[in-house]
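Novice: Supplied in structure tokens, the structure appears directly below.
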Amino acid sequence: MLFPALALLCPVLVAAHGQLSWVQVGTGPQYPAWTLDDYYTALYRESDPVWGALPEQKYTRKTDRTDLGFADIFSKSIATGGYEVCKRFDDMSPVGTIPAKAGDQVIVQWSSEWPSEGHPGPIGEWMAKCPNDSCTQVDATTLDWFCIAQHNYDAEIKKWPTEILTESLNRQWIFTLPTDLPPGAYLVRHELIALHNSTGPTPDLVSSPQHYPIGIEIMLDSSGTTLPTLTCKFPGCFSYDDYEWHHNIWDDEWQGLLVKWEFPGIAVYPGGYTTGVVNGASAAVKNGMSSSPSSSSGVSSSSSSSVASSDTSDSTTSSGVVAVNVSAASSPSSSISANSAMATGKKTCKRKKRSKIAGQKRHIHRSRVAHLDRH
């Protein structure tokens, strides 16, 4: 039978990168995300509709990337991670819609396999309003997308957002929904970008930045009236002209140029926010208002429970991962440092040394090898 053979492959394939386990919006429950297990269940149901079990309803858009790999920026899958499979399996198992309120915090729980060490890069969030107050089976490539958050390199602690996520104890990432959008159905796009393989300065599909998008369907309760006009479509938001295609972060790190990083695609609309450093200046902006450089990146403070409590919004900064036992009164920058240290425990220094060596062995990319040879 096809299904058992595919099931045996799952443990090997899942280890390649990773996937979401669940999504939580505001103080709501943890909604399960679509995983490779669901994909193989749907695949078996498709081949045997009599005996094959129906996959359970999940709350993120489907993907069929069996290696959990990145999406080509020029393909339709760049929208939410799995264009063809959404059309293929949505009748079998429709994507669930999560209720949300303006200003809610969204927690995305990544699996233990991702992001693996050696995949430094930024994190971004996008939204698109669906027609007729429903995102059910809406083609994400036809929507007008606007950017609500960009999380860039943090020059204070010298880490990329994906590195902060990797070092966090529970691998959760938090972002905030805008407060000025009109109510209705939206697709939310959460994306990790890995820059370890981008060689620059000549665009090359083989040695390219890697985008890992996830799609979440929400029904937004809001009193806002502003629908952003600065939009783009996927594919189309990203191009060869973006900064990420023309720069090697390993060389930029050696030359002190990481602070020059520019996020790909269009700018964040005024109701969104940006963290980190962009083109040499602090990009700490929230809801269109400049904030102090010290708040350019942050981690949320929470209890060790993975369920958000009612006061989470009071102790969470604009970007970050859930930190355990970090005081809400501490500054965002110190919270990140504390989170990184606590995530690794007492073996922080030793682990960093081992991971650096292991990272060089695992990721023998041409750009990194060239950098090591020269320096």
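Just so you know, the numbers here start at 1 and follow the chain as drawn.
Glycine residues also receive a Cβ, built from the backbone N, Cα and C atoms like all the rest.
Sharing the features that Swiss-Prot gives for it:
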type	residues	note
SIGNAL	1-16	signal peptide
BINDING	HIS119, TYR212	Cu(2+) binding site
DISULFID	CYS130-CYS135	disulfide bond
CARBOHYD	ASN132	N-linked glycosylation site
CARBOHYD	ASN197	N-linked glycosylation site
DISULFID	CYS232-CYS237	disulfide bond
REGION	287-375	region 'Disordered'
COMPBIAS	290-341	compositional bias 'Low complexity'
CARBOHYD	ASN325	N-linked glycosylation site
COMPBIAS	347-369	compositional bias 'Basic residues'
Novice: Just to verify: the residue among CYS130, CYS135, CYS232, CYS237 with the fewest other Cβ atoms within 10 Å, which of the disulfide-bonded residues is it?
Specialist: CYS232
Novice: What's the CA to CA span in angstrom from CYS232 (disulfide bond) over to CYS130 (disulfide bond)?
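Specialist: Each residue's Cα considered, CYS232 (disulfide bond) and CYS130 (disulfide bond) end up 14 Å apart.
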Novice: Among the recorded positions listed here (HIS119, TYR212, CYS237), which has the Cα closest to the Cα of ASN132 (N-linked glycosylation site)?
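Specialist: Comparing Cα positions, the closest of these recorded positions turns out to be CYS237.
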Novice: To the nearest whole angstrom, what is the C-alpha distance linking CYS130 (disulfide bond) and HIS119 (Cu(2+) binding site)?
Specialist: 32
Novice: When a 10 Å sphere is centred on the Cβ of HIS119 (Cu(2+) binding site), how many other Cβ atoms does it contain?
Specialist: 25
Novice: For a quick check of packing: other C-beta atoms within 10 Å of the C-beta of TYR212 (Cu(2+) binding site), how many?
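Specialist: Its Cβ shell of radius 10 Å holds 26 other Cβ atoms.
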Novice: Using the alpha carbons only, what distance in Å do you get between HIS119 (Cu(2+) binding site) and CYS237 (disulfide bond) once rounded?
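Specialist: Spelling it out, the Cα of HIS119 (Cu(2+) binding site) and the Cα of CYS237 (disulfide bond) are 22 Å apart.
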Novice: Taking the Cβ of ASN132 (N-linked glycosylation site) as the centre, how many other Cβ atoms fall within a 10 Å radius?
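Specialist: A count of 9.
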Novice: Please report the DSSP secondary structure of TYR212 (Cu(2+) binding site), reduced to three states.
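Specialist: In three-state terms, TYR212 (Cu(2+) binding site) counts as strand.
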Novice: Please report the distance from the Cα of CYS237 (disulfide bond) to the Cα of TYR212 (Cu(2+) binding site), rounded to the nearest angstrom.
Specialist: 14
